[in-house]
């Protein structure tokens, strides 16, 4: 009865479908009558919303309890903002001689009264343990990363909008010149590997011959897989065509990216505010961060690590719903804007699968990174063993990420629990992983290179800008012998953005204590060291946020490619052929596979235009009949059929079919 109802629904939309394949997916997204999520799904959904609400509530509490800020010397008559007092002058009893450097700040009235009461209650200045006379503190030094970003707020507010502008331009280039991007990226990657080997070999004596082996294998593979790489470029073009033909996918993805950016900005705001919340240490009448603030920073760092992967998986749901509806239109109960329905699912019924996949992938990546760091002390590009481990971990993570994405896409298409959708998706793609990895691998190389380039450039720009703002040069003063290794180390850190952001969040207050001590920076050498720490940690934070953003944006394109591949696989197993896609989809692969005769001999060839995004009047999904397909030299293998959406030449049919 289920197959009959599906067939009846598709005939209602003037589309014919063959029997449902064994894996259970049909050439349509199941919009109505979706199965309810399982018990594990509901647990993951509750965990997702609990984490989100915890961050919001803690952030609101922190922001509402702000009582501390640094003085800004813009007007000698007013060092502090309105409703704030300069603690050193307004909150300390007259005649006090033992003052703590932390009092060189602006505090609110409540904290000012506490400081005044502390000094009045002290019997003698000598009884204040740990205090000493303030010698010559430096008023222009931010205590940590968050205070530096608060003082020089114009740096992140300029870098982050520039990041969005660069991302838009890169998406346009990916749509219109995919072959140029792919081949230039591959060539640049090979040249970079050779240059990296030459630099470390001739400058430092590290002969990591594995880099040359990888470069040689990449060159040979590019030559052998020339046609497949060109075909991957066409798949990228089809995905871009789908995004262009369905602007709702782009808009929903932009909305989701906007939510992600808002989350990052709100998270940054809460972290900055956490540095502006102090309490009084009555033992020496100094100001310090409360233990609750320290725990809140730990919690925010951990949840930021998880939620970055959550947002990366949410865009898979949006792209699967939008691109899937574009490829298989006219489904029973299809909404007016499918991508928005996908966005709704991402925060409701699919949020369990999103949270589960984010946790599994994130924890696995973290464990593999820690194993790699424990096995070899030098960076991976300096030792052959490190290169080999890097290749193995990349393959492992690629497989895990691919299966997790296809599990999410499968749940979008069929509904139900993510465990059941994962089993169906595995049965669908297990015999097609080779072609999937070729296409996904080439696309991943392109977007990864762009991600590294853009995030590295913006991170270095923020580093130089922080140096200029603090009037203390760290990066520009390095000689060439140290500059390149430092920049490579910087690139390595921002390439693991979640780990770097968490480490920077936790270490920034600790580094301040090690550099200046509990009493703050009271000498020029300590102040300069703190400025250098602020520049480095600030650049790492900005570069890591940019890397996370570009990685998120690049995955929108990759998930569109994966969704198109998923649709190709369903179409092949259902033995169907859509004449309306001869122009926007099938015709793109005839040049790479010489299948023009097979594609263009169909009955729709005479009236179906071969321009992208053309809507043909004959929008049938036609079963090719019961006659077995004869294998021949002009017919691709079943795996290629799944990749390119090709089944066989469709026999002529009549209107009464």
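Cβ atoms are placed via backbone N, Cα and C, with glycine included.
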Range annotated as transmembrane segment - as stated in TrEMBL, picked from 117-137, 348-368, 411-431, 516-536: 348-368
Correct range for transmembrane segment (source TrEMBL, candidates 16-39, 40-63): 40-63
69-89, 90-110, 153-173 - the one TrEMBL records as transmembrane segment: 153-173
The annotated transmembrane segment range in TrEMBL, which must be one of 380-400, 548-568: 380-400
Of 258-275, 348-368, 486-511, whichever stretch has the most CB pairs under 8 A to the transmembrane segment (40-63): 348-368
Leading stretch by Cβ pairs under 8 Å, where the reference is the transmembrane segment (295-328) and the options are 180-200, 258-275, 380-400, 442-466, 486-511: 486-511
The transmembrane segment (180-200) and the transmembrane segment (486-511) contact flag, 3+ Cβ pairs under 8 angstroms: no
For the transmembrane segment (486-511), distant same-chain residues with Cβ under 8 A (at least six beyond the ends): 143-146, 271, 289, 294, 297-298, 300-302, 304-305, 308-309, 362, 366, 369, 379, 381, 452, 455-456, 459-460, 463, 475, 478, 533, 537, 539-541, 543-548, 551
